[in-house]
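Heads up, the thing below is written out as structure tokens.
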């Protein structure tokens, strides 16, 4: 050991070396996660001279250790090496990691190299980064060439024109590489590289690379070029798109591989916005209809998800003539996933078509989908009815769709029943009191006795919201007597629901109703034989006391009726009842004093 170094100075790097050689993977992983602390302890100079060379040789390890290392080196690690002027030192270990076999490690290393590129000066890039890029992009193994595709775009704008030309040629070489994995990486990163190019170079260099990849014999390469197509279209004028890209658009949309067509359908709106209005009318509407009628359900599902977004770019007459017939066919599609995707989006057409066309063309489809055998389809329609309501008005909506909604309220799938319950307060606001009482009032009470707990819970929240919509007096007449009546039910679950409904509704009522209608039945349940009921009574009393205990009348009620009962419940034989009674008393005292 060199006597110039005190033993303490040697310790951090020695500990790291020992831990990175340990048999246990977890120890090695922990050591990597602490590498920034070790670099800090060593100081910038020793971190550069000892730690980085050591890490550069540590690439023969488990993938998860290498992944952690690639990640750590991208977390502004140059700060521990003396600042951005030494950031290029990190490129050594990251270059090694970018050439390993495991894809996750390579991707993370490329991401970290891109981050390092962000802090490098132009001089450092030309001296250190460009040689690294040359080595990776011309590497013997496909792994390094694959990683290099992500590294062109981050530095393109920072280098001189001759090097920019070299980068364009280098990227073109990746696009025509013999290995499909390299071409796939070139297709994946082509969009971000093209964004850096000038328009002249997009046409002279970017387009040929894209065309070569778009006509690749591997569908895994072609499907990645759909997003590149959108980026190129965004860089060009509508006339140039028509001249340069029309053939490629047609090829992608009618590709023999369903995966490419799926990508085209999934990104159709972005493509339509990029190519301009004229091309949408002349070309894309036909291609879109073709995708909605595709043989593969996955493609039709992706296409259905784009319906309102694409329709916004069309005239109303075109939507009615070209898209509505497709939507009609999709509503009867054999695949439940297609119908579910359509149900999620179809309401978006209503504002575009207007009231009369919605009533004529869309309402029958809503009814069809509301009665679909697949729960998710019904669920998606219910959750989007609000959009339709704003277009056709609640009267028509309730007339045509309410019978179906009432039917769904008793649906065998509890998730559908839950979706209906959550939609009820909105319906109530729009229908008004008389209509609601007549059509939906009884339903709301029936849900309190549902066999599924989530429905009973949602039903109690629903009653609270209804009390807020229609007011306290309505709640006193329409809800409170029915809720309180359930407290006498022989089944303890109904009695429990009564207590939960009271807890939920109490803040939306007033002290008079609590005093006259609610408190006596609630206190009666405090002597119920079931402990679960008794401790829920204590919880409900806590809600009442904290809600109303701050007013003089409320304090009086608490002292006369609630506190004596809770004191009694503190002596209960059940531990849970005693706990909740004690907690309720503490909260009540705090509320009354506060």
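Each residue, glycine too, has its Cβ placed from N, Cα and C.
A TrEMBL annotation is a machine prediction, not a hand-curated record.
These come from TrEMBL:
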REPEAT    90-128  repeat 'HEAT'
REPEAT    206-244  repeat 'HEAT'
REPEAT    245-283  repeat 'HEAT'
REPEAT    284-322  repeat 'HEAT'
REPEAT    323-361  repeat 'HEAT'
REPEAT    362-400  repeat 'HEAT'
DOMAIN    365-511  domain 'Phosphatase 2A Regulatory Subunit A helical'
REPEAT    401-439  repeat 'HEAT'
REPEAT    518-556  repeat 'HEAT'
REPEAT    562-594  repeat 'HEAT'
Self-check item: Chain residues in Cβ proximity to the repeat 'HEAT' (518-556) (below 8 Å; excluding those fewer than six residues from its ends, i.e. six or more beyond)
Solution: 480, 484, 487, 492, 495-496, 498-500, 502-503, 506-507, 509, 511, 562, 565-566, 568-569, 572, 574, 576-577, 579-581, 583-584, 587-588, 591-592, 594
Exercise. Give residue numbers and ranges for long-range contacts of the repeat 'HEAT' (206-244): same chain, 6 or more residues beyond its ends, CB-CB under 8 A.
Key: 171-172, 175-176, 180, 183-184, 186-188, 190-195, 197, 199, 251-252, 255, 257, 259-260, 262-264, 267, 270-271, 274-279
Practice problem: Would you kindly list the residues that approach the repeat 'HEAT' (90-128) from elsewhere in its chain, counting only those six or more residues past its ends and only Cβ-Cβ distances under 8 Å? | Solution: 52-53, 55-56, 58-59, 63, 66-67, 69-71, 73-74, 76-78, 81, 84, 135-136, 139, 141, 143-144, 146-148, 150-151, 154-155, 158-160, 163
